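Copied over from TrEMBL:
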ACT_SITE  Glu104  active site
BINDING   Asp9, Asp103  Mg(2+) binding site
DOMAIN    5-185  domain 'UmuC'
SITE      Phe14  site 'Substrate discrimination'
Amino acid sequence: MLRKIIHIDMDAFFASVEQRDFPQYRGKPLAVGGAGERGVVAAASYEARRYGVKSAMSSKIALRKCPHLIFAKPRFDVYASVSKQIRAIFYEYTDLVEPLSLDEAYLDITDNKFNNPSATLIAKEIKEKIKAQTFLTASAGVSYNKFLAKVASDMQKPDGLTVITPDKAEKFLEELPIEKFYGIGKVTAEKMQKMGIYKGADLKKIEKNVLLKQFGKYGGMYYDIVRGIDERQVSPDRTRKSLGIEHTFHKDLDNLREMFEALSELADLFVDRLRKSNVYGRTLTLKIKFADFEQITRSRTVSHKLTNREIIYRLAEELLIHAITDQEVSIRLLGLSVSNLDEPEISKNGQLAFTF
């Protein structure tokens with residue numbers, strides 16, 4: 001049975017909220033994050049993106065690309081509040097909402113509360129309501145599965161609405177550049193290009209066993225998605241087992257000062273990700289990979305949800321100190337993750353017939 005899936009993605013969400021609330025930022029290149037020597041860009045406005053500034057980029061590099069870049073301190077409580085407003089709009093139409101982060105979600109509106117047969121009209125209404133209630137824009141992708149809806153939402157940003165109907169999907173995927181396929185990152189795209197795969201049509205010619213050999217279990221996924229096959233359900237009760245972040249350093253860390261500084265920066269990024277994903281847990285795990293590629297993990301479980309940046313950093317610092325018995329060690333990678341997660345439970349609903 002064909003489904004009606006909408007993927008909603010807010011446009012430069014954090015930066016757009018700041019530009020909405022502070023007129024002096026409007027029309028100017030803005031980065032949400034820390035401006036310090038070891039700061040990191042959490043989000044970039046579209047004006048900043050024109051200069052090549054991207055999220056997760058170091059502030060130092062961002063300023064090199066855009067010397068007049070403005071930095072705003074993140075206000076995650078505000079972003080979470082706006083996200084709650086937006087999700088309330090989603091639930092007006094369906095209970096089958098799968099949030100991916102504060103600014104992104106899948107909706108299955110096959111069986112919606114208004115019995116509206118048009119997925120396109122519902123997506124348009126949702127976009128209009130978001131703009132009217134929050135003064136922010138969202139981009140929407142509409143199709144019959146999650147993969148295509150996700151790809152579609154990125155086609156006409158910002159404030160876009162793209163529909164991929166079943167009869168158009170095959171041609172669309174065959175013409176799509178391989179780097180535009182959701183789930184195919186830069187490294188995989190480069191590997192595919194070396195194999196002569198530049199567009200979906202090229203990928204479609206490769207036999208499944210070859211893809212499995214070259215890309216492991218993901219090869220089967222690539223084989224399916226280029227044919228428009230994605231059976232994943234929109235899962236309101238989808239639960240994560242853990243959420244984490246890690247960083248490999250260009251130069252090995254060989255003294256405690258460098259290690260603590262790197263851990264502090266990683267903690268900032270980690271807390272940003274927790275807040276953006278709106279999930280928290282009680283077990284913190286530190287991952288360490290040494291210069292000789294030996295890898296260890298150390299964990300600590302507490303009685304409360306880990307939400308405070310300073311508490312997370314202090315726990316991670318303790319784990320690091322206890323993990324390093326030899327002061328001469330060098331570290332090439334640090335990672336932080338949280339498990340025993342708490343996520344809100346949302347009721348499920350059914351699915352019916354399909355009409356665009």
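Numbering starts at 1 and runs along the chain as displayed.
Backbone N, Cα and C define each Cβ position, glycine as well.
Sequence features annotated in TrEMBL and their locations in the structure.
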residue: Asp9; record: Mg(2+) binding site; DSSP (3 states): strand
residue: Phe14; record: site 'Substrate discrimination'; DSSP (3 states): helix
residue: Asp103; record: Mg(2+) binding site; DSSP (3 states): coil
Separation of alpha carbons, Glu104 (active site) and Asp9 (Mg(2+) binding site) (Å): 5
List of residues, in chain order, with Cβ under 8 A from that of Phe14 (site 'Substrate discrimination') and at least 6 apart: Val32, Ala42, Ala43, Pro74, Tyr79, Asp103
Lowest local Cβ density (other Cβ within 10 Å) among recorded positions: Asp103, Glu104: Glu104
